[in-house]
Amino acid sequence: RQASATLICPLLQMMKEHSPNNNTQANMVVVCIHGLVSCLGILENALILWVVGFRLRRRTVASVWVLNLAASDFLATLTLPLFTFYLSSSHSWELGSILCKTQASIFFLNMFVSAFLLAAISVDRCLLAAKPVWSQNHRSVAGAWKVCLLGWLWAAINTLPYLLFRSVTEKQDKKKLCYHNFALYSSSQDTLETDCKVRQAATAISKLLLAFLFPLVVIAGSYIQIVLSLRYRNRRRNFTKMVTFVIAAFVLCWAPYHIVCMIEVSAEYWKQNLHLVEVGFCPKFSVRIRQSLGAVFDGLVEEGGGFLLVPGKSLRAHIQRKSSRDVSLASPGSQKGSQSPCISPDIQQLFPLPSPSEGLRNTHMDI
């Protein structure tokens, strides 16, 4: 293993030799913004955990979804101060290998579990609208917990490669880089280039498919099915606008990150794309801002953002109202003999669960 530890992938070697021009004043502004975002993100998710975890009188399916999303986001926001310290250290990772692996693993765990839960929420809403009788008989808090546990297990399995290959590398300018070293565990120099290319491409494509494209298809398909099941044209028009907003938010929050990941893959084949990896800091950082302020962003969509004004009471009441609407929507009596589901007139208020930006609050520049 000592021999393999000295091996470095060509992309990582180029990053070692490359020293970006860091404007000191601009970097201080970034540090201040990121520090503020870190504090808001931690407080925001702690508030949601406290309200949903301890203040709700009755546990519901909706509260289980929100609780698990908030737990994932809170865990991820706890690593935000680490990245703030990285930025304040002139973009040099001085916190050691263990914290490097920890922050990366938590980020990817959050990414995969959030995508899984958002897709599960969309399917749950679709079944609630299209199969109200079935939902009343089979939809349960215990079932929601099982789905969430499956999501956490799924996310942990997909996070394992990033835990194994994350390491700290010293650059030529003596700064330290917390990044993937896909040369680890390579058998020899002869297979190094192939191993690096395959591993870089495999991780980037798996993230793109499992944490972006597949959830996007599920989310879009579920909400489109709900739109098609709406009877009233004006209600369909209003809900269509909301669906468009939800899907656009998911794409805008995640697409920049995955584009940068694919650029990193291309840099393994076309070295002239290396400078684009540095440019990729901007979209990754902007995603980080949107993710950390996701609850504020989502709150503006949820019935006027009432829970932002009186956090504890209003958020608790909001989830309780949402749960009561779930029951009324799934009630067999709402069908009145019709074979097709009859959707409540206020259905556009029934689906304001966390939007896809909820799980995207914590992005690291070198992830």
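Every residue gets a Cβ built from N, Cα and C, even glycine.
Now, the feature entries from TrEMBL:
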type	residues	note
DOMAIN	44-263	domain 'G-protein coupled receptors family 1 profile'
TRANSMEM	28-52	transmembrane segment
TRANSMEM	64-86	transmembrane segment
TRANSMEM	106-123	transmembrane segment
TRANSMEM	144-165	transmembrane segment
TRANSMEM	208-230	transmembrane segment
TRANSMEM	242-260	transmembrane segment
Legend entry - Reported mean pLDDT - the domain 'G-protein coupled receptors family 1 profile' (44-263): 89
Legend entry - Two-stretch contact, the transmembrane segment (64-86) and the transmembrane segment (144-165), at least three Cβ pairs under 8 Å: yes
Inset, instruction - Tell me, please, if the transmembrane segment (208-230) and the transmembrane segment (28-52) are in contact, taking contact as 3+ Cβ pairs under 8 Å between residues separated by 6 or more positions? - result: no
